[in-house]
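Step one of this worksheet: look at the structure below.
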Amino acid sequence: MLVMKLFTCFLQVLAGLAVHSQGALSAGNNSTEVEVVPFNEVWGRSYCRPMEKLVYILDEYPDEVSHIFSPSCVLLSRCSGCCGDEGLHCVPIKTANITMQILKIPPNRDPHFYVEMTFSQDVLCECRPILETTKAERRKTKGKRKRSRNSQTEEPHP
């Protein structure tokens, strides 16, 4: 008898949740006015530009893998977005360095300390043609993709 009551309660809760979620889904449809985001706003939000992105510190400083950082990721501006043509991609044309205070924890968990770490941020972005590279060219550049963290650069990064 108790099992039957519990089962009935369970079904009532499920039915209540289903009705509530159905109401939430149809609430927007009952309105006579549908909110539509204008094309210019959609285009502006999605077009190639610097956008904030969480970046893991160890992705930027792979040689520091033996340490723990807090926070483990930082918010940086990076070029992202659409270019409106499949032959183009969004790349940085101007970058700047930003230095942040990060908590660094040694592998043996000895006293941790604050360090200043420099990261590259994208300031200006542009849609540029995608360069087709041959396999031989890719092999030559392999391992040379990381740039120096302490120098400012005006060059686009891959």
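Cβ from N, Cα, C; glycine included.
A quick note: this is a predicted structure, and the numbers were derived from the prediction, not measured.
Sequence annotations record features per position, and here Swiss-Prot assigns signal peptide to 1-18. The N-linked glycosylation site feature in Swiss-Prot is assigned to ASN29, ASN30, ASN97; the stated evidence is sequence analysis. Per Swiss-Prot, the feature disulfide bond maps to CYS48-CYS90, CYS79-CYS125, CYS83-CYS127. Here Swiss-Prot flags 136-158 as region 'Disordered'. Per Swiss-Prot, the feature compositional bias 'Basic residues' maps to 137-149.
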Exercise. Between CYS127 (disulfide bond) and CYS48 (disulfide bond), find the distance joining the two CA atoms and give it rounded to the nearest Å.
Key: 7
Exercise. Compute the C-alpha separation of CYS90 (disulfide bond) from CYS125 (disulfide bond), stating it in Å without decimals.
Key: 6
Quiz item: Of all the recorded positions given, namely CYS48, ASN97, CYS125, which is spatially nearest to CYS83 (disulfide bond) at the Cα level?
Solution: CYS48
Exercise. Out of CYS79, CYS127, give me whichever of these disulfide-bonded residues has the highest number of other Cβ atoms within 10 Å.
Key: CYS79
Practice problem: Between the Cα atoms of CYS125 (disulfide bond) and CYS48 (disulfide bond), find the distance and write it as a whole number of Å. | Solution: 7
Quiz item: Other than its own, how many Cβ atoms are within 10 Å of the Cβ belonging to CYS48 (disulfide bond)?
Solution: 20
Quiz item: Taking each of the disulfide-bonded residues CYS83, CYS125 in turn and counting other Cβ atoms within 10 Å of its Cβ, which one has the fewest?
Solution: CYS83
